[in-house]
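K.L.:
The structure's right below; bear with me while I get my questions together.
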Amino acid sequence: MIRKAFVMQVNPDAHEEYQRRHNPIWPELEAVLKSHGVHNYAIYLDKARNLLFAMVEIESEERWNAVASTDVCQRWWKYMTDVMPANPDNSPVSSELQEVFYLP
C-alpha cells in the first residue's frame, strides 16, 4: 500500500457545509474510489487555519490518478468549488506532503 498525505483549503465560512457534503459522500463516488484501489481515506479540518489535511492509502499511483478522469469525480469537484479554492479544471488546490515519519 502507498500512503499519501496532502493539504487543501476550505473557505472560512464553509466548514460546516464542507463536512455536511462529506457525510456521507455520494455512493457513486465511494464506489469509484474503492474500485480504483483507495483505502483508509480520511480528511481532517484545522478550523483556525481553514486547512484540510488528508491521508489516504492507495494500491497504485496510476489507479489513484485515474480517479480524476471519471465523470463522478469531475462532478464532485464542480460541486465543491463554492466551498474551497479550485484550479481551472475544478480540482481542489492541494499540496502533497512528504512523509517524514511512520510507525507501523
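Glycine is treated like the rest: Cβ placed from N, Cα and C.
Swiss-Prot lists Tyr18, Tyr41, Trp76, Trp77 with the feature substrate binding site. For His22, the entry in Swiss-Prot reads active site, proton donor.
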K.L.:
Of all the binding-site residues given, Trp76, Trp77, which has the fewest Cβ neighbours within 10 Å once its own Cβ is left out?
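P.N.:
If we count Cβ atoms within 10 Å for the binding-site residues Trp76, Trp77, the smallest count is at Trp77.
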K.L.:
With a radius of 8 angstroms around the mean position of the C-beta atoms of Tyr18, Tyr41, Trp76, Trp77, what other residues of the same chain does the substrate site pick up?
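P.N.:
Going along the sequence, the neighbours come out as Arg21, His22, Ile25, Leu29, Tyr79, Met80, Pro92.
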K.L.:
Give me the largest Cα to Cα distance among Tyr18, Tyr41, Trp76, Trp77, the residues the record lists as binding substrate, in Å as a whole number.
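P.N.:
Farthest-apart Cα atoms in Tyr18, Tyr41, Trp76, Trp77 are separated by 17 Å.
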K.L.:
For a quick check of understanding: among the binding-site residues Tyr18, Tyr41, which residue's Cβ has the most other Cβ atoms within 10 Å?
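P.N.:
In terms of Cβ crowding, the pick is Tyr18.
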K.L.:
For Trp76 (substrate binding site) and the residue listed as 'active site, proton donor', what Cα-Cα distance in Å is obtained after rounding to a whole number?
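P.N.:
It is 11 Å, counting Cα to Cα.
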K.L.:
List, in sequence order, the same-chain residues at least six positions removed whose CB sits under 8 Å from that of the residue listed as 'active site, proton donor'?
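P.N.:
The residue listed as 'active site, proton donor' has long-range Cβ partners Ile43.
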